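One structure below.
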């Protein structure tokens, strides 16, 4: 069985993330969407809230499961029996950082490959940070996040209707 781990903070999940997950699910037998506990970022949503959001959004993908982890991503991937890490790329500017991380991960776990998937062009401008900024100021989130996540963001920021 070909297992891949797609790690990230998913704070919140965006349509760009969803695009990468859906395409990874077509390539791998099982995809583990792994929410990282971060000691360096202050998240908007708790781990539990992010896991719940992901479960709602991904429920129709039978070969995708959601989990949380701490520590080194490659260690977690090994524990899951994964042979690949999925990394989404929005633009060339993402590549330098991701390439450096891929080399580091390869040094730590030579048996685990990093697979880069480009998001569709229509999602290339979306990041969790930009989504939070738009939501914070009551802007339109249409096409940026899945509908259930839009509702959660509107509740979180006390927004009403369309931005």
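Glycine is treated like the rest: Cβ placed from N, Cα and C.
For the ATP site, Swiss-Prot lists 9, 10, 17, 88, 89, 90, 123, 124, 125, 126, 127, 128, 129; matching the candidates 96, 98 against that entry yields 98. When the binding-site residues 9, 17, 89, 126, 128 are compared by Cα distance to residue 73 (substrate binding site), the shortest distance belongs to 9.
Rounded to the nearest whole angstrom, the C-alpha distance between residue 41 (substrate binding site) and residue 9 (ATP binding site) is 9. Rounded to a whole value, the Cα-Cα separation of residue 9 (ATP binding site) and residue 87 (substrate binding site) is 12 Å.
The most crowded of the binding-site residues listed here (89, 126) is 126, judged by how many other CB atoms sit within 10 Å of its own CB. Looking only at the binding-site residues 98, 126, 128, the one with its C-alpha closest to residue 87 (substrate binding site) is 98. Packing around residue 41 (substrate binding site) is summarised by its Cβ count: 11 other Cβ atoms lie within 10 angstroms of its Cβ, all protein chains included.
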